[in-house]
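Enquirer: Quick one: structure below, then a few questions.
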């Protein structure tokens, strides 16, 4: 599913609201994923604590949202922007790409909870399409 110019504009505009709370949203989304989908903890076995409020979860969640923010800023070149990260996840970390969809879903849940009045059906559609494309781009090196 490709992103239209309107979708890109909606995502970029909405990201301006998300950006000031990105660290908090990232930590909450990653913590939620680890709790609701405990099988994802296997990728973080080297952490001492994978509970939702642990410093490791919060720090990595913030890093994830910072990366997504970078992708939003260069949304037209998503696959190129995510190339090295796709290599890392495919060849070194060996993360099952199905987990990217799970994380995207959890990020959308937290965004919706954080901005209930702003997460309109139009925004939901565009953000969902963005995360579908993000997942495909991050999975590019798996092919």
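The backbone N, Cα and C atoms fix where each Cβ goes, glycine too.
For reference, Swiss-Prot lists these features for the protein:
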MOD_RES   2  N-acetylserine
DOMAIN    2-143  domain 'Globin'
BINDING   60  O2 binding site
BINDING   89  heme b binding site
Enquirer: Taking every protein chain in this structure into account, which of the binding-site residues 60, 89 has the most other Cβ atoms within 10 Å of its Cβ?
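Expert: Highest number of other Cβ atoms within 10 Å: 89.
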Enquirer: If you run the three-state DSSP split on the residue listed as 'O2 binding site', which class comes out?
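Expert: Going by the DSSP assignment, the residue listed as 'O2 binding site' falls within a helical segment, counted as helix.
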Enquirer: Between the Cα atoms of residue 89 (heme b binding site) and residue 60 (O2 binding site), find the distance and write it as a whole number of Å.
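Expert: Residue 60 (O2 binding site) has its Cα 14 Å from the Cα of residue 89 (heme b binding site).
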Enquirer: How many Å lie between the Cα of the residue listed as 'N-acetylserine' and the Cα of residue 60 (O2 binding site)?
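Expert: Answer for this pair: 28 Å between alpha carbons.
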Enquirer: Have a look around residue 2 (N-acetylserine) and count the other CB atoms within 10 A of its CB, chains all included.
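Expert: Other Cβ atoms within 10 Å of residue 2 (N-acetylserine): 7.
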